[in-house]
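Here TrEMBL flags HIS118 as active site, proton donor. Residues or ranges marked as N(1)-(5-phospho-beta-D-ribosyl)glycinamide binding site by TrEMBL: GLY17, SER18, ASN19. Annotation source TrEMBL lists (6R)-10-formyltetrahydrofolate binding site at ARG74, MET99, ARG100, ILE101, LEU102, ASN116. Positions annotated as domain 'Formyl transferase N-terminal' by TrEMBL: 8-191. The feature site 'Raises pKa of active site His' is assigned by TrEMBL to ASP154.
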Amino acid sequence: MSAQARRRVAILISGTGSNMEALLASMDPAADPEHPATPVLVLSNDPRAAGLAKAAARGVPALAVDHKPYRGDRAAFEAALDAALEEAGAELICLAGFMRILTPAFVARWQGRMLNIHPSLLPRHKGLRTHERALEAGDAEHGCTVHEVTAELDDGPILGQARTPILPGDTPDLLAARVRRLEHRLYPLVLRRFAAGDRTPVMLQDD
Ligand code: GAR
């Protein structure tokens, strides 16, 4: 596919960036010449995020918009995000471990064009500590979800889920590692389909 025809993707992170790396690897033209998307920016709200150097090492523009100077003024922080996104010509956003809550106004501007990955089988366990909560609840299975972002936190149409059974002896760390591996499979699959206009949910099972 020609570079001009590809959807331009920005990936927003706050930390390690392992999902970002999986997404970048999947869009590498050497790996998938027909991929319908291309990364144009990796953006972090934390200048210390390890993912920034990983993106730069892959030749993808990487930028921090530190949220701290904007404390108390989310709209100004998001205006700075929007300026960077516009400068990069981003058409789609993938939230990949981006740990700031976005305002309804920002979400409305990107509605239908912004995806998120969440470490649980939504609608179960919205919010934080999802692996602990799945264990505490005695759930039989756990996993991750990619969904479109809407104004409600960890809500919005589900585009894909990957499931793993909860096993005797599982701990939050063991579950987190298993779910992380599933995330790295699921998010690239969903993005590839979404960028091509296919919103049919993808369902994966741990193997
Ligand atoms: C991922 O497990 C992602 O699902 C989670 O943060 C981690 C980021 O890891 N996101 C959330 O909890 C969002 N509410 P990564 O930086 O290695 O991709």
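For all residues, glycine too, the Cβ spot is worked out from N, Cα and C.
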For the binding-site residues SER18, ARG74, ARG100, which residues place their CB under 6 A from an atom of ligand 1? SER18
8 Å Cβ shell about GLY17, SER18, ASN19 centroid, N(1)-(5-phospho-beta-D-ribosyl)glycinamide site members excluded: ILE13, GLY15, THR16, MET20, GLU21, ALA22, LEU23, GLY51, ALA96, GLY97, HIS184
Cβ neighbours within the same chain of ASP154 (site 'Raises pKa of active site His') - under 8 Å, at least six residues apart: ASN116, HIS118, LEU122, LYS126, GLY127, HIS147
DSSP, reduced to three states, assigns the residue listed as 'active site, proton donor' to strand
Rounded Cα distance, in Å, between SER18 (N(1)-(5-phospho-beta-D-ribosyl)glycinamide binding site) and ARG100 ((6R)-10-formyltetrahydrofolate binding site) is 18
Look at each of the binding-site residues, MET99, ILE101, LEU102, and point out the one with the fewest other Cβ atoms around it within 10 Å. ILE101
Tell me, if you would, which residue among SER18, ASN19, ASN116 (binding-site residues) has the fewest other CB atoms within 10 Å in the structure shown? SER18
Would you report the average pLDDT that the model assigns to the domain 'Formyl transferase N-terminal' (8-191)? 97
Please give the (6R)-10-formyltetrahydrofolate site's span as the largest CA-CA distance among ARG74, MET99, ARG100, ILE101, LEU102, ASN116, to the nearest whole angstrom. 19
